[in-house]
Every structure is written in structure tokens, then in C-alpha cells.
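Quick look at what TrEMBL lists:
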type: BINDING; residues: THR129, GLY130, LYS131, SER132, LEU133, TYR286, ARG298; note: ATP binding site
type: COMPBIAS; residues: 1-15; note: compositional bias 'Basic and acidic residues'
type: COMPBIAS; residues: 44-55; note: compositional bias 'Acidic residues'
type: DOMAIN; residues: 117-287; note: domain 'AAA+ ATPase'
Amino acid sequence: MDTDDSEHPADRSGSSDDDESSTEDRSSGDLSTVNEGTQSTLDTESDASEADTTLDSESGSQSIEEMLLEFDEQEGLIRERTLLDPNYVVEEDRIVGRDDQLQEVTKMLRVALGDNRPPNLFLYGPSGTGKSLITKAVCKNISQICEPRDIRFGTIEVNCQDLDTLGVAVYELVSRAADEAGVEVQVPKHGVATKEKWDELFRIVDENFDSLVFVLDELDMLVGRRDKQDPAFSRLLYQLSRAGADGELETFISVVAISNDTKMMESVGSRALSSFTPEDVHFGDYDANQLQAILRRRQDAFYDDVLDDDVIPLAAAFAAQTHGDARKAIDLMRVAGELAEREGDPRVNEAHVREAQDKVEKNRVLEVVRGISTQKKLCLYATAAVAAESNSGAARSTTGYKVYQFLTDSIDADQYHQETYVNKMKELTTYSLVDFERRSHGPSSGMFLEFQFGESPATILETLREDSRIEMVSQDEVASVVQAQIRNEG
Ligand SMILES: Nc1ncnc2c1ncn2[C@@H]1O[C@H](COP(=O)(O)OP(=O)(O)OP(=O)(O)O)[C@@H](O)[C@H]1O
């Protein structure tokens, strides 16, 4: 399947060293030397290789070596790949449209420069709206100012998405803190109580930092295995913010919690809330104009004049269609560039962006879909099938459930009640793939949820059909069941 980014020739060449060599290739005659050298080696090869060459020319296909050399000869289009890397912290002059948030976060965290503890922060808003970027940019600047002043300032960043328990999360903080301080961790990763990990964390913090900011990205994903009333993120916030407020440590500690889930704070227990009490900073969606501005400030990632005029407006428009996600806009521009390079085109054009849109969407859907259970896949498939056929592009939960019943019957799978189906669909909203609103048919009839998709329902269906059980069900039959159900909606 052509969804793995590592298949890009650009990724294969990978490092900036390769980028430099492609710069040289643009102007120098070095390549002919390489070709000549290779040719003479080829000439002394055995008859077998001659036979291969004959075969190649007869079939018209290229040998591997010819293809490699052709790629080597090809001019790259991307000059500065890091500018298209979502984890790279760009310079301040490339940050666009976030003046308010930049000011707010700076004003609050700059307290670290004096002899005070900065407040805790809660940054919330959809993914790709600059929450991590702004935090990292401000912390980087504080750190630069602190250095000559002999203030030992540190930033410990963790993404909680892949941390499944509190113990794992605390160990991750320990190891990041040790890295930042340049010291050894003195507690084992496994087989000790979480309390010992906390003690080690605070030992490292106390001995090595005057002021420390913990940045907890995607914090709401750290649910843990215990009861849902007291999720792991709530316990993490409690311990960290209490350590910050208690005055037991010499270090000034501040916690920046980042989440896509605006309601996350509602799940933070009262105990944690009493010490966490953050200042909220909201990050809204970008519109297409802001996304264009963000992309224009990075267009020097490409060589001069290799981007067609409509590339940036189209990538921005595609990204604005979902929810104004800058990561997606940047991804689209990068993938479009890589596709053009791979195809040996001299410029990046609109068609590359459209192809990139398809690929980026599929990658995102795949990422989500790979990890979910068959039952969730069936719920998602049924709902996306309704959205794909309906005029509004949305799906009612009541209709989706009927289609789900048809699917589970067809493949003889267990069948959830409607309430569980709805809950499974709600759980899928955390991936920004689907969203919902509560609606009703009218004052006298019942409520239902209406699901809207962040990615095209057709892409979701196509990806889900890669599951052999779902593939067994005829697409035509599903479509006719969906149409019949939509007609019944009234
Ligand atoms: N205002 C901006 N100006 C320039 N680049 C931006 C801006 N906002 C976001 N970006 C870029 O978009 C990408 C995603 O941004 P970031 O990681 O900050 O998003 P986020 O809100 O933290 O999202 P998530 O919740 O998914 O982590 C990064 O490459 C970042 O550099």
C-alpha cells in the first residue's frame, strides 16, 4: 500500500547532507564524472550484465542502477526540509496569526526570569493550532535570556498520547528531566512503586533547576487504567502542581497542560483543581487566509520559483476545510513537494497538492483506523456510509445504527445496543476524525446525534475496507441499505 511516507525518495535520501549534495548537482559537472566512473565499471562487468542491459533495452525498462543514477541526477525541489517538519520550532518571524496567544503566554511565563513562580497554564483548542509551537517558542526564548543570568531554567516536554499509566508518565518525566539536566536516572523503569519515581523526579528537579516548566501535551490522552472518575492526568496534575505550590522544593515549578479537548478540565478532580488552577489560553481554528500566510512564511523551504502560484492557496483551502489545522497545511505542502520530486517534475503544481491531499487524508485515517477494534470499525463504517450518501454529508445516529445492524448481521458479528454504538462513535471523536451535534426531529420526537466527518467519508470507507471482514460485505448492498434508511428518515 502506498501510504508509508518512508517510500518517498526524498525520505530515503533523508538527511540534510543529501540535500546539500543535490544542491551541488544543480550546478556542477560532478555528475558526469560519477556517470563516467560508473560506466567504466559497467564496461568491465561480465557477459551476464551485458545480457541484462540488452534485456532492459528490449523491454524498455530501466535497470536499478539507471534508476538510481537518474534520481541522483534529478534536481531536488525542497531546499530546507526542516521548515516542513511539524516538530521543528520555527523562528519567531515565521509564526503568523497568534500574536494574542504569544503575548499572553510570554507575559505569564516571563515571571520565571525574576524570582517568582510562573502560573500554571491550560492551552486548549483543536490540533495544529499552534499550542505546542507557541509554548516551545516562548520557553526557548526564556531559556536564552536565563543562560547569561545564571538562572537554571528548564523545560520538560512530554506528549502523553503514548503513555498509558501514571507510572509510565512519571518515569518519562524523570528521564526527560535527567536529559535536560545532564544527569543519570537513579530509579529503575519497572518494578518500583510510582512514589519512588516521583521522589527521583523531585530530587533531579530540586538539585538542577531554579525554574522549570512542565509541558504536558495531549494531556487528556493519559487516562490510565484506574476508575474513570480519577483519570491518570488528574493525578499527574495534582502531584506536579502541588509540588509547585507547596514550597517544599527550591525550584519554581509551573505546569502547562495542553489539550484538544475543551472539556478536559471538567474531568480534573477537585483535589487536583485546588492546586492546579490554571490560566486558560484558547487557540481557535485558522482560516484559509491565516493558513496561507503560515505557508508563505515557509515557502523558502523550496528552491526559488518551483512552486506554482496556486499551490499555497489550494493547500490552505484543503486544510481549512477540516478545522484550520496548520500541521495539515504544512504536511500538504511537504507531500506535494515530495510527490513532484519523486515524479521528476520541475515544479510543484496543483495536481501534486490534490494528490497530496488524498495521501495525507488516507494516512491520517489509517493512523486512527489501524488501532481500533473491529466493532469500532463497524460503527465507523456504518456511519461513514450514511454520511457518504446523504446530501448534507452528515449522518444521523439513528440511521447509522440501522446500517450497523445490517453490517453486523452480514458478517455474523456481535451486535451492540444503539447506546453502545453511539458511545463508540463518541469515543472516536477524540481523533478529530468525526464530530457530533445533538439534534431532534421536532418538539414531539426524540433526540439523535448527527455525526460530521473531518476527513472525507469515502476515504474512511476505502481505508476500512482493507479489513478483510468488512471487505466481505458488498459495497452495493450497503449503499442500497443506506439509501433506503435515508428515505425513511422523513
Ligand atoms: N501560527 C503559526 N505560525 C506558523 N506555524 C504554525 C502556526 N501554528 C502552527 N504552526 C505549525 O503547525 C504545526 C502544528 O502546530 P502545533 O504542534 O503547535 O499544534 P498544536 O496546536 O500543538 O496541535 P496538537 O494538539 O495536534 O499537538 C507545527 O509544524 C507548527 O510549527
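Cβ coordinates come from backbone N, Cα and C, glycine included.
Nobody curates TrEMBL annotations by hand; they come from automatic prediction.
Features recorded in TrEMBL, as mapped to the structure shown.
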| residue | record | CB count, 10 Å |
| --- | --- | --- |
| THR129 | ATP binding site | 26 |
| GLY130 | ATP binding site | 23 |
| LYS131 | ATP binding site | 27 |
| SER132 | ATP binding site | 22 |
| LEU133 | ATP binding site | 23 |
| TYR286 | ATP binding site | 26 |
| ARG298 | ATP binding site | 19 |
Reported mean pLDDT - the domain 'AAA+ ATPase' (117-287): 90
Using a 6 Å cut-off on Cβ distance, which of the binding-site residues LYS131, TYR286, ARG298 come close to any atom of ligand 1? LYS131
Cα-Cα distance maximum in Å, computed over every pair in THR129, GLY130, LYS131, SER132, LEU133, TYR286, ARG298 that the record assigns to ATP: 18
